[in-house]
Amino acid sequence: FLDLYRYWIKAFSIVFGMGVVSGLVMAYEFGTNWSVFSRKAGPITGVLLSYEVMTAFFLEAGFLGVMLFGMNKVGRGLHFAATCCVSVGTLISMTWILASNSWMQTPRGYRIDPATGQFLPDDWLAIIFNPSFPFRLVHMGLAAFLSVAFAVGATGAWHMLRARRAGAIAGEPVRVMFSMAMWMAAIVAPVQILAGDAHGLNTLKYQPVKIAAMEGDWKTEGRAPELLFGIPNMRTEHTDYAVKIPLLGSLILTHSLDGKVPGMKDFPRDQRPPSPVIFFSFRIMVALGVLMMLVGLWSLWHRRNSTLFTSPVFHIVALCMAPAGFIALLCGWVTTEVGRQPWTVYGLLRTSDSAAPVILSSMAVSMTAFVVVYVIVFGSGLGILIRLLARAPQEGEPDTAPARASDMLATRVHPAVVTFSSGKGA
């Protein structure tokens, strides 16, 4: 386990660095690109994000160095505590960010200043624990664990396939890594589907038009079918080429065969989200979620038959599932954010009224510059990460502590120089 910790902490440091780079830019983007939103919602969202900085970012920044470089320099207890602090800090960061986002989706605990139009806090507990926050927090947290589980599992599968091709047996760290990832997939994937179902019921209650757009439903009806496929047409208000399963829509969304499912025609045209986008993003997310659950359950079958480390077919499948969690996660966020349009603060502040009054040309220049920088930074980071993970973890894995200057000199000074300096070369 210590070898695996030392192996994966290197990958964590790279990903953490890329996350910090993107997070800092995003904070400035709120003020530059969305100045009206920042001015009106800042008394609430700005405070929540400042809480994230004070409670999470400082905790992570304070202990990250100890975690990365202090294993052989501080006591084991202190190093373990530092690792726990960084881990807890990331969870706290997620909590505050999702509290802010969830308030924008289901705003509560506020009042509007009639003079300035600003959202002012009335009840911080109601703001933080708004109706969609618990469901979004659980759903996102499980998605993060599941995404990483399949990335770790794919890395283990890759090294087992390479060892098999070379006629060898993968080392114990590789097998333990793969086993842990498959345990996580088998346990978390079914729970995630249940959490997603609960999140959907909450969305149906507070954002029914989002559900209607996700499902491609135009008419409110009971005993509604589930559309497996179709192409929603916003102009004709009809879903073309629909492939339906009778009654399943009502059963999934209301847990009743007779339950009523909302249709988009019940809502004004200017309050409907773009159904074609979230119709497909939602289905990609769900399909990948079901696929991840099946792979997790399949791993239990292999574990029971003692073939978890010897089945090349399963290892190939696990390798192909490497991006599944991340794609599902991105599709989920597309569904959430596009589905709440045309609002930034749901039902109260439109997206068109939230943007900063900036010139398109200046926006295009800065956007292009950021894209170029991001491609370089994240492309380099991804390349380093792939090269790092291409090497299998070893028994006695080296840690991340930097070498001492004396050690570096001792290994790089030419032997003749050492001989001369000791008085033996004259």
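We count from 1, first residue shown onward.
Using N, Cα and C of the backbone, Cβ positions are placed for all residues, glycine too.
Now, the feature entries from TrEMBL:
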- 7-28: transmembrane segment (TRANSMEM)
- 48-71: transmembrane segment (TRANSMEM)
- 78-99: transmembrane segment (TRANSMEM)
- 137-161: transmembrane segment (TRANSMEM)
- 173-195: transmembrane segment (TRANSMEM)
- 277-301: transmembrane segment (TRANSMEM)
- 313-335: transmembrane segment (TRANSMEM)
- 355-386: transmembrane segment (TRANSMEM)
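Residues 11, 14-15, 17-18, 21-22, 25, 32-37 of the same chain lie 6+ residues outside the transmembrane segment (355-386) yet bring a C-beta within less than 8 angstroms of a C-beta in it. Counted as Cβ pairs under 8 Å, contacts with the transmembrane segment (173-195) are highest for 277-301 among 48-71, 78-99, 277-301.
Away from its own ends, the transmembrane segment (78-99) comes close to residues 48-49, 51-52, 55-57, 59-60, 62-64, 66-67, 70-71, 127-130, 133, 136-137, 140-141, 144 of its chain (Cβ-Cβ under 8 Å, at least six residues beyond either end).
Long-range contacts of the transmembrane segment (313-335) within its own chain (CB-CB distance under 8 A, at least 6 residues past either end) are made by residues 139, 143-144, 146-151, 153-158, 160-161, 164, 178, 182, 214, 277-278, 281-282, 284-285, 288-289, 291-292, 295, 298-299, 302, 307.
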